Amino acid sequence: MSRETNFNGTKRKRSDVAEKVAQRWKSVRYSAEMENMAPVNSNNDSDDCVIVSESKIIDLTNQEQDLSERIETNDTAKGAVFKLMKSDFYEREDFMGEVEDMITLKDIFGTETLKRSILFSFQYELDFLLRQFHQNVENITIVGQKGTIMPIEARAMDATLAVILKKVKLIEITMPPFASHHTKLIINFYDNGECKIFLPSNNFTSMETNLPQQVCWCSPLLKIGKEGLPVPFKRSLIEYLNSYHLKDIDELITKSVEEVNFAPLSELEFVYSTPSKFQSSGLLSFYNKLEKLSAGTSASDTAKHYLCQTSSIGTSLSRARDENLWTHLMIPLFTGIMSPPAKDTAGRKKAEILPTNSLINEYSQRKIKPYIIFPTEQEFVTSPLKWSSSGWFHFQYLQKKSYYEMLRNKFKVFYKQDPAMVTRRRGTTPAHSKFYMHCATNSAGPCDASQVFKELEWCLYTSANLSQTAWGTVSRKPRNYEAGVLYHSRRLANTRKVTCRTFTRDRRGCAGNPTHVAVPFTLPVIPYDLAEDECFCLARHEND
């Protein structure tokens, strides 16, 4: 077994697979701004294993190499779908499972009909990423934060990579300390004029793609042309692109997106965060969308369930009090416990956050049940690759244990996967995805836990973790760029509910009634055993 250095310089053991992660990044130092300057209460919640220092892409060679292999996409679904990212570790050559539920980066980038690809992400490992492309691709536009793009090492460069690298256009985004260009978005254009959009939960590095569980939202094929009616998804996507205020994005990306007919996505909403001071985004924008769509839908005889599955939990909203973004701000806003944001005499939006005990009473009276899915220490122990995927999960609660104990012991908000329902190959491996969802059940009789979160009022799949950095608050703008897709029952035809299933056991819906959302964790989830379960925390293992 090898040993690795933790953030504070102490040593701990790591597995052989974790050693491979370290070898991949061993020549890259951590960003001094992000790691050394972050104060205790900074809400820096990067959910990624490392943040690399600024680098430049190396010069191209003139060598070329033809690829005879022709790769075809196998996704023929007419509507938007969720897929599980296939893993080189969990699904090996002998895998015979539900391949229709899975996708690879080769499926996304490797088709010979792909003409242009536009990528937004937080981390890029170029020698891994560019090998996923077919040689026929004409242009690859990469939008990334300075210091997060891993160049191709000289010893890894070959003729195939050199050919692809010549087609790359890099747009670098300068971000302030403790902020991230965290959006994960792919826009593909094909040689027949069609377009397709993907929202993966992973950044473009080998280990992040393969070690934690990852998912990908895939749009249907979109044609070039005009819509008969305005499409909110398109409008919000263009607003997001405009928020960069960069000529290269306007010329190379926005103009192309404007030519696409987004009518097939008319039932969905694009939800985003941007640090731009000129646009409303993040929590306030999401709240406004829900308010507009949810008007008149509340019922007094229902129990209301609100679930957040995340790979990172930010620090308390307040230094003086223990306040969590989900339990103390988002759910109270969504349910009307908290009054809508109002401006004071100085024009600033304000919100009065109730004390914890008052909120717990309100939740009880209004039949509101909050859930946060976050991996336990034991889930890593029982997962196939043990601690190897743990580097992508962050909740540094030892710095303020009262905050953690409030969530765990007072709200009893933490839930985990049901170990009896996980798959043999992936086991209790946690998911790096971020889902926010709401459903209602009849409160007159006993609640059937197996049916909770099968039919939803709404579901947001996003890159945004549970933090102020990603979402902002009522009075603060987000610091990150984030992107996601919102399903809402009021947008669906025939007043349907948003249907949800799990990849672990449920099969795809029949052709006439497909499921809208698929999640990489078990449904139902089960509550933490307060006598045994603790949230995973890296600091617990500093001296292992």
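Glycine is no exception: its Cβ is also placed from the backbone N, Cα and C atoms.
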Listed range which Swiss-Prot flags as region 'Interaction with DNA', given the options 297-301, 312-316, 347-351, 382-386: 312-316
Entry from the recorded positions list H182, K184, H432, K434 having the most other CB atoms no farther than 10 A: H182
Within the predicted model, mean pLDDT of the region 'Interaction with DNA' (312-316): 97
Between S467 (site 'Interaction with DNA') and H182 (active site, nucleophile), the C-alpha gap once rounded to whole angstrom: 13
Cβ neighbours of S467 (site 'Interaction with DNA') where a neighbour is any other Cβ within 10 Å: 24
Three-class DSSP secondary structure - H182 (active site, nucleophile): coil
Collapsed DSSP category at H432 (active site, proton donor/acceptor): coil
